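TrEMBL lists 12-31, 93-117, 129-151, 180-200 with the feature transmembrane segment.
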């Protein structure tokens with residue numbers, strides 16, 4: 001018989017797990033990791049910065065995508081991938097960061113999917129689903145940290161220097177500033193570790209004495225605060 005068990009702690013863990021997975025996925029796909037120096041479509045970078053007449057804008061650069069304004073475009077900014085193939089990503093460090101980030105996000109998405117079904121199934125092969133998911137989230141968090149540590153090492157690439165000026169170097173962004181995607185990825189990583197720790201509380205809540213008492217009473221839907 002399937003028992004649907006809903007507690008505040010298990011539902012909060014499920015919600016946070018989904019938020020962490022989607023936050024990391026959106027950040028990875030975004031082009032707003034680096035925000036370049038202000039320029040116009042026909043700007044020229046000189047010794048004193050970018051100089052050109054016209055309306056200035058700030059291009060953005062992601063791990064595999066970018067947003068720029070082309071000279072022939074009267075309005076709007078063109079966004080899309082600059083790297084069609086994996087080998088075209090700006091630097092080897094970014095390629096490695098992409099692998100670690102993608103692996104972490106894949107694990108988080110798997111946990112987010114599984115977490116929805118923890119209301120009906122609390123164990124698999126006699127192992128607590130919450131504990132297994134918490135372990136996967138911890139591993140995902142380590143992958144994400146490795147990816148975020150490798151990412152700034154690629155700031156010395158030629159691609160980054162086009163957006164951030166010739167002074168950009170590994171772990172030095174030059175004229176660029178960090179975009180919201182980088183901070184979202186950092187926040188998602190922190191939330192991932194919080195979820196990994198909180199999974200133990202979710203497991204305790206669904207296996208408490210009150211839950212067992214209601215199961216013995218024959219209830220199939222159990223809701224506890």
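Cβ from N, Cα, C; glycine included.
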Other same-chain positions with a Cβ less than 8 Å from the transmembrane segment (12-31) and lying at least 6 residues past its termini are 60-63, 65-67, 79, 101-102, 104-105, 108-109, 111-112, 115-116, 118, 130, 133, 137, 144, 179-182, 184-185, 187-189, 191-192, 194-195, 198-199, 201-202
Long-range CB partners for the transmembrane segment (93-117) (under 8 A, at least six residues beyond its ends), listed in sequence order, are 13-14, 17-18, 20-22, 24-25, 28, 63-64, 86-87, 129, 133, 136-137, 139-144, 146-148, 150-151, 153-154, 157, 170, 185, 192, 195
